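S.K.: Right, I'll just put the structure down here and ask away after.
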Amino acid sequence: DQGAGVTYLEPSASQIGHKESIKDTARVLGRMYDGIEYRGFGQDVVEELAKYAGVPVFNGLTNEFHPTQMFADALTMREHSGKPLNQTAFAYVGDARYNMANSLLVLGAKLGMDVRIGAPKTLWPSENIVARARAVAEETGGKILLTENAEEAVKGADFIHTDVWVSMGEPKEAWQERIDLLKDYRVTPELMAASGNPQVKFMHCLPAFHNRETKVGEWIYETFGLNGVEVT
(Lines of atoms letter the chains of each structure in order from A and count residues from 1; the text may use other names and numbers.)
(Lines give C-alpha, C1' and ligand atoms only; values in the text may rest on other atoms or scores of the structure.)
Protein backbone atom coordinates (compact mmCIF):
# COMPACT_ATOMS: atom_id res chain seq x y z
CA ASP A 1 0.00 0.00 0.00
CA GLN A 2 2.92 2.35 0.64
CA GLY A 3 4.67 1.67 -2.68
CA ALA A 4 7.50 -0.49 -1.35
CA GLY A 5 9.03 -3.23 -3.46
CA VAL A 6 8.41 -6.56 -1.73
CA THR A 7 9.78 -10.04 -2.45
CA TYR A 8 8.29 -13.12 -0.77
CA LEU A 9 10.62 -16.09 -0.33
CA GLU A 10 8.57 -19.15 0.54
CA PRO A 11 10.32 -22.09 2.26
CA SER A 12 10.80 -24.01 -0.99
CA ALA A 13 12.40 -20.95 -2.63
CA SER A 14 15.16 -20.56 -0.05
CA GLN A 15 18.04 -22.77 1.04
CA ILE A 16 18.51 -20.88 4.32
CA GLY A 17 20.11 -23.14 6.90
CA HIS A 18 19.99 -26.09 4.47
CA LYS A 19 22.35 -25.61 1.54
CA GLU A 20 23.22 -22.02 2.43
CA SER A 21 24.22 -20.80 5.86
CA ILE A 22 22.02 -18.29 7.66
CA LYS A 23 24.98 -15.93 7.76
CA ASP A 24 25.44 -16.03 3.97
CA THR A 25 21.71 -15.61 3.35
CA ALA A 26 21.66 -12.61 5.66
CA ARG A 27 24.59 -10.94 3.93
CA VAL A 28 23.16 -11.45 0.43
CA LEU A 29 19.64 -10.29 1.29
CA GLY A 30 21.04 -7.36 3.25
CA ARG A 31 22.74 -6.09 0.06
CA MET A 32 19.54 -6.40 -1.96
CA TYR A 33 16.89 -5.08 0.45
CA ASP A 34 16.36 -2.29 2.95
CA GLY A 35 14.76 -4.61 5.49
CA ILE A 36 13.93 -8.26 6.09
CA GLU A 37 10.96 -9.82 7.84
CA TYR A 38 11.43 -13.40 9.01
CA ARG A 39 8.45 -15.60 9.84
CA GLY A 40 9.41 -19.15 10.67
CA PHE A 41 10.26 -21.45 13.53
CA GLY A 42 13.67 -20.80 15.06
CA GLN A 43 14.30 -17.76 17.24
CA ASP A 44 18.01 -18.41 16.70
CA VAL A 45 17.50 -18.00 12.94
CA VAL A 46 15.99 -14.52 13.14
CA GLU A 47 18.65 -13.45 15.63
CA GLU A 48 21.44 -14.64 13.33
CA LEU A 49 19.82 -12.87 10.38
CA ALA A 50 19.74 -9.67 12.43
CA LYS A 51 23.39 -10.09 13.38
CA TYR A 52 24.71 -10.36 9.82
CA ALA A 53 22.18 -8.69 7.48
CA GLY A 54 23.30 -5.10 8.01
CA VAL A 55 19.68 -3.92 7.59
CA PRO A 56 16.72 -3.98 9.99
CA VAL A 57 15.32 -7.48 10.56
CA PHE A 58 11.74 -7.85 11.81
CA ASN A 59 10.54 -10.92 13.67
CA GLY A 60 7.18 -11.78 12.09
CA LEU A 61 6.83 -14.89 14.27
CA THR A 62 8.96 -17.68 15.70
CA ASN A 63 8.15 -20.56 18.00
CA GLU A 64 9.33 -18.47 20.95
CA PHE A 65 8.11 -14.93 20.25
CA HIS A 66 5.60 -12.93 18.17
CA PRO A 67 6.66 -9.27 18.62
CA THR A 68 4.85 -7.78 15.63
CA GLN A 69 1.58 -9.13 17.04
CA MET A 70 2.43 -7.33 20.28
CA PHE A 71 2.41 -3.94 18.55
CA ALA A 72 -1.15 -4.66 17.42
CA ASP A 73 -2.23 -6.02 20.80
CA ALA A 74 -0.74 -3.13 22.78
CA LEU A 75 -2.45 -0.62 20.48
CA THR A 76 -5.76 -2.48 20.75
CA MET A 77 -5.62 -2.62 24.54
CA ARG A 78 -4.71 1.06 24.71
CA GLU A 79 -7.58 2.01 22.40
CA HIS A 80 -10.20 -0.08 24.19
CA SER A 81 -9.24 0.04 27.87
CA GLY A 82 -9.98 3.70 28.49
CA LYS A 83 -6.95 3.97 30.75
CA PRO A 84 -3.14 3.94 30.50
CA LEU A 85 -1.52 0.59 29.84
CA ASN A 86 0.30 0.66 33.17
CA GLN A 87 -3.13 0.69 34.83
CA THR A 88 -4.46 -2.14 32.68
CA ALA A 89 -4.72 -5.82 33.65
CA PHE A 90 -4.88 -8.73 31.23
CA ALA A 91 -4.93 -12.51 31.47
CA TYR A 92 -3.72 -15.18 29.10
CA VAL A 93 -5.39 -18.58 29.54
CA GLY A 94 -4.51 -21.79 27.73
CA ASP A 95 -1.24 -23.31 26.54
CA ALA A 96 1.32 -20.77 27.74
CA ARG A 97 4.54 -22.35 26.45
CA TYR A 98 4.77 -20.66 23.09
CA ASN A 99 5.09 -17.36 21.26
CA MET A 100 1.85 -15.60 22.22
CA ALA A 101 2.04 -16.20 25.97
CA ASN A 102 5.79 -15.53 26.01
CA SER A 103 5.37 -12.29 24.10
CA LEU A 104 2.42 -11.07 26.15
CA LEU A 105 4.39 -11.79 29.32
CA VAL A 106 7.34 -9.72 28.09
CA LEU A 107 5.10 -6.97 26.67
CA GLY A 108 3.18 -6.59 29.91
CA ALA A 109 6.36 -6.53 31.97
CA LYS A 110 7.94 -3.84 29.79
CA LEU A 111 4.83 -1.66 29.88
CA GLY A 112 4.25 -2.01 33.61
CA MET A 113 0.99 -3.91 33.18
CA ASP A 114 -0.76 -6.40 35.46
CA VAL A 115 -0.14 -9.74 33.72
CA ARG A 116 -1.78 -13.04 34.65
CA ILE A 117 -1.08 -16.43 33.10
CA GLY A 118 -3.68 -19.14 33.71
CA ALA A 119 -2.52 -22.59 32.59
CA PRO A 120 -1.66 -26.07 33.86
CA LYS A 121 1.80 -25.89 35.41
CA THR A 122 3.17 -28.24 32.75
CA LEU A 123 2.16 -25.66 30.12
CA TRP A 124 3.62 -22.55 31.77
CA PRO A 125 6.27 -20.41 30.03
CA SER A 126 9.87 -21.46 30.60
CA GLU A 127 11.48 -20.47 33.90
CA ASN A 128 14.05 -18.43 31.98
CA ILE A 129 11.44 -16.26 30.24
CA VAL A 130 9.45 -15.82 33.47
CA ALA A 131 12.59 -14.77 35.36
CA ARG A 132 13.50 -12.24 32.67
CA ALA A 133 9.98 -10.83 32.68
CA ARG A 134 9.92 -10.55 36.48
CA ALA A 135 13.22 -8.67 36.43
CA VAL A 136 11.82 -6.17 33.93
CA ALA A 137 8.55 -5.83 35.86
CA GLU A 138 10.46 -4.89 39.01
CA GLU A 139 11.81 -1.86 37.14
CA THR A 140 8.54 -0.84 35.47
CA GLY A 141 6.10 -1.51 38.29
CA GLY A 142 4.45 -4.37 36.44
CA LYS A 143 2.85 -7.37 38.13
CA ILE A 144 3.13 -11.01 37.08
CA LEU A 145 0.96 -13.88 38.30
CA LEU A 146 1.18 -17.50 37.17
CA THR A 147 -1.64 -19.72 38.37
CA GLU A 148 -3.33 -23.01 37.53
CA ASN A 149 -6.70 -21.45 38.40
CA ALA A 150 -8.30 -19.85 35.34
CA GLU A 151 -10.81 -17.87 37.40
CA GLU A 152 -8.04 -16.46 39.59
CA ALA A 153 -6.16 -15.42 36.45
CA VAL A 154 -9.08 -13.46 34.98
CA LYS A 155 -10.35 -11.83 38.19
CA GLY A 156 -10.39 -8.06 37.65
CA ALA A 157 -8.91 -8.35 34.15
CA ASP A 158 -9.64 -5.78 31.46
CA PHE A 159 -8.71 -8.22 28.67
CA ILE A 160 -8.63 -12.00 28.35
CA HIS A 161 -6.32 -13.49 25.72
CA THR A 162 -5.95 -17.02 24.41
CA ASP A 163 -4.44 -18.86 21.44
CA VAL A 164 -4.85 -22.16 19.61
CA TRP A 165 -4.19 -25.32 21.59
CA VAL A 166 -2.51 -27.23 18.75
CA SER A 167 -0.16 -25.37 16.43
CA MET A 168 0.56 -25.80 12.73
CA GLY A 169 2.55 -28.93 11.99
CA GLU A 170 1.57 -30.80 15.15
CA PRO A 171 -0.10 -34.20 14.63
CA LYS A 172 -3.82 -34.79 15.12
CA GLU A 173 -2.96 -37.02 18.05
CA ALA A 174 -1.98 -33.91 20.02
CA TRP A 175 -5.62 -32.79 20.24
CA GLN A 176 -6.70 -35.40 22.78
CA GLU A 177 -3.82 -34.57 25.12
CA ARG A 178 -4.41 -30.79 24.90
CA ILE A 179 -8.16 -31.08 25.37
CA ASP A 180 -7.63 -33.21 28.47
CA LEU A 181 -5.15 -30.67 29.85
CA LEU A 182 -6.94 -27.48 28.84
CA LYS A 183 -10.67 -28.17 28.97
CA ASP A 184 -10.94 -26.02 32.12
CA TYR A 185 -9.19 -23.11 30.38
CA ARG A 186 -11.65 -22.54 27.53
CA VAL A 187 -12.77 -18.94 27.20
CA THR A 188 -16.51 -19.14 27.74
CA PRO A 189 -19.16 -16.60 28.79
CA GLU A 190 -18.78 -18.00 32.30
CA LEU A 191 -15.03 -17.36 32.35
CA MET A 192 -15.55 -13.85 31.00
CA ALA A 193 -18.09 -13.22 33.77
CA ALA A 194 -15.61 -14.53 36.35
CA SER A 195 -13.51 -11.44 35.67
CA GLY A 196 -16.11 -9.43 37.56
CA ASN A 197 -15.61 -6.70 34.96
CA PRO A 198 -18.70 -6.04 32.80
CA GLN A 199 -16.44 -4.28 30.27
CA VAL A 200 -13.90 -7.11 29.94
CA LYS A 201 -12.86 -7.79 26.34
CA PHE A 202 -11.64 -10.92 24.59
CA MET A 203 -8.57 -11.04 22.33
CA HIS A 204 -7.19 -13.78 20.06
CA CYS A 205 -4.39 -13.48 17.48
CA LEU A 206 -6.36 -15.82 15.14
CA PRO A 207 -7.11 -18.18 13.55
CA ALA A 208 -9.43 -19.44 16.30
CA PHE A 209 -11.31 -22.71 16.63
CA HIS A 210 -14.54 -21.27 17.98
CA ASN A 211 -17.21 -23.11 15.98
CA ARG A 212 -17.78 -25.86 13.38
CA GLU A 213 -17.33 -23.67 10.29
CA THR A 214 -13.94 -25.10 9.30
CA LYS A 215 -12.83 -28.62 8.40
CA VAL A 216 -10.80 -28.85 11.59
CA GLY A 217 -13.63 -27.39 13.66
CA GLU A 218 -16.07 -29.96 12.29
CA TRP A 219 -13.58 -32.78 12.86
CA ILE A 220 -13.11 -31.66 16.48
CA TYR A 221 -16.88 -31.64 16.97
CA GLU A 222 -17.31 -35.10 15.47
CA THR A 223 -14.35 -36.53 17.40
CA PHE A 224 -14.60 -34.80 20.77
CA GLY A 225 -18.08 -33.29 20.82
CA LEU A 226 -16.75 -29.74 21.23
CA ASN A 227 -18.32 -26.84 19.34
CA GLY A 228 -15.28 -24.61 19.58
CA VAL A 229 -12.07 -25.42 21.41
CA GLU A 230 -10.07 -22.66 23.05
CA VAL A 231 -13.04 -20.27 22.87
CA THR A 232 -16.77 -20.82 22.58
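Quick reminder: no glycine exception, Cβ is built from N, Cα and C everywhere.
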S.K.: Given that Swiss-Prot assigns ASP163, SER167, MET168 to the L-ornithine site, pick the one from ASN59, ASN86, ASN99 that the record assigns to that site as well.
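M.R.: L-ornithine site check in Swiss-Prot: besides ASP163, SER167, MET168, the record includes ASN99 out of ASN59, ASN86, ASN99.
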S.K.: Can you tell which of the binding-site residues SER167, MET168, LEU206, THR232 lies nearest to GLU79 (site 'Important for structural integrity') in space, using Cα positions?
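M.R.: With Cα distances computed to GLU79 (site 'Important for structural integrity'), the winner among SER167, MET168, LEU206, THR232 is LEU206.
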S.K.: DSSP secondary structure for GLU79 (site 'Important for structural integrity'), reduced to helix/strand/coil, please.
M.R.: helix
S.K.: Checking the spread of the L-ornithine site as listed (ASN99, ASP163, SER167, MET168): what is the longest Cα-Cα distance, in whole Å?
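M.R.: That value is 13 Å for the farthest Cα pair.
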S.K.: According to DSSP, which kind of secondary structure is THR68 (carbamoyl phosphate binding site) found in, if we only use helix, strand and coil?
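M.R.: Reduced to three states, the DSSP call for THR68 (carbamoyl phosphate binding site) is helix.
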S.K.: I'd like to know which of the binding-site residues GLN15, HIS66, HIS204, LEU206, THR232 sit within 10 A of ASP163 (L-ornithine binding site) at the Cα level.
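M.R.: Cα filter at 10 Å returns HIS204, LEU206.
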S.K.: Here are some recorded positions: GLU79, ASP163. Which one has the most Cβ atoms within 10 Å of its Cβ?
M.R.: ASP163
